[in-house]
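Structure first, then comments.
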């Protein structure tokens, strides 16, 4: 596996193919242990992990904290409502305080983009060894979700061999509110790194044309691997047209809490055009996998019949895969420069 090169995990834009494979190799090991009934391993015994969530979260926070506990780490949680923030303390001071308490890793989620990055810079300037793991920041990035989505797709297409290269030239359809989705941005970095051809499907107000060049400034180390080049990003305005040749579909939540007014004529109109229903899915004859990062707005972006009845709906797989994926990230950060 080699040395892990990142002190912080803030985005997937600087991940090399080898970084992805290191994460997935560990994810496979941890998943096997979990499936064998192992509740805890002592990999991070003596480490202190602090989750600092300035934005509401159930799935991500619980998944990270369970991942840390399965690695035998000590876990503490920060609650903004009962913290010194209400007394005027800054976000940076809060992070520095937890670092001074001996936190080895800060798991940070915030509604504004780049807050984890700014905290990591301040920590580095004070020469602390504390790492930052971005659990979602504004519209910018959600690296752990991007990784677990990629892992889930690879497991579907290559369940025994676990070959990420199997995604090369696959057509992955991402449907919905890309504009407000940090998950979509992380998915774009991850999928195109392995040569997948991504089709973004939605109205112009939620998928501007500039998304076609989202990953054009690829870091050089992305291409030093057996895959010759990145995949592509194209845009479709018709779900019926784009689903016909898709190899997989990732449905995104319509993020009404982040949305400016007047981006959609109506929720009803959006659902008529972009809600994934059995009728629309029947236009594809390949029994393709369906993913959704959750939480789900049933009947708005995806039909209940697909969630509850379609055999290749992998939403629960995503949730269960999140724990070993996040175990892998915590473990790798704990080994940085050690």
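In case you wondered, yes, glycine gets a Cβ from its N, Cα and C as well.
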Co-listed carbamoyl phosphate-binding residue [Swiss-Prot; alongside 59, 60, 142, 145, 294, 295] among 29, 109, 305: 109
Using the Cβ center of 59, 60, 109, 142, 145, 294, 295 as the carbamoyl phosphate site position, which other residues in that chain lie within 8 Å, going by their Cβ? 57, 63, 135, 136, 183, 293
Pairwise CA distance, residue 294 (carbamoyl phosphate binding site) versus residue 253 (L-aspartate binding site), rounded so that it is a whole Å: 7
Sort out the sequence-distant neighbours of residue 109 (carbamoyl phosphate binding site) for me: same chain, 6+ apart, CB within less than 8 Å of its CB, listed by position. 52, 53, 54, 55, 57, 60, 61, 134, 135, 136, 137
Count, for each of the binding-site residues 60, 145, the other C-beta atoms lying within 10 angstroms of its own C-beta, and report the residue with the smallest count. 60
On a simple 10 Å Cβ count over all chains shown, which one of the binding-site residues 294, 295 is most densely packed? 294
Cα separation, residue 182 (L-aspartate binding site) to residue 145 (carbamoyl phosphate binding site) (Å, whole number): 9
Quick note, residue 182 (L-aspartate binding site): same-chain residues at least 6 apart with CB under 8 Å of its CB -> 136, 137, 138, 139, 140, 141, 142
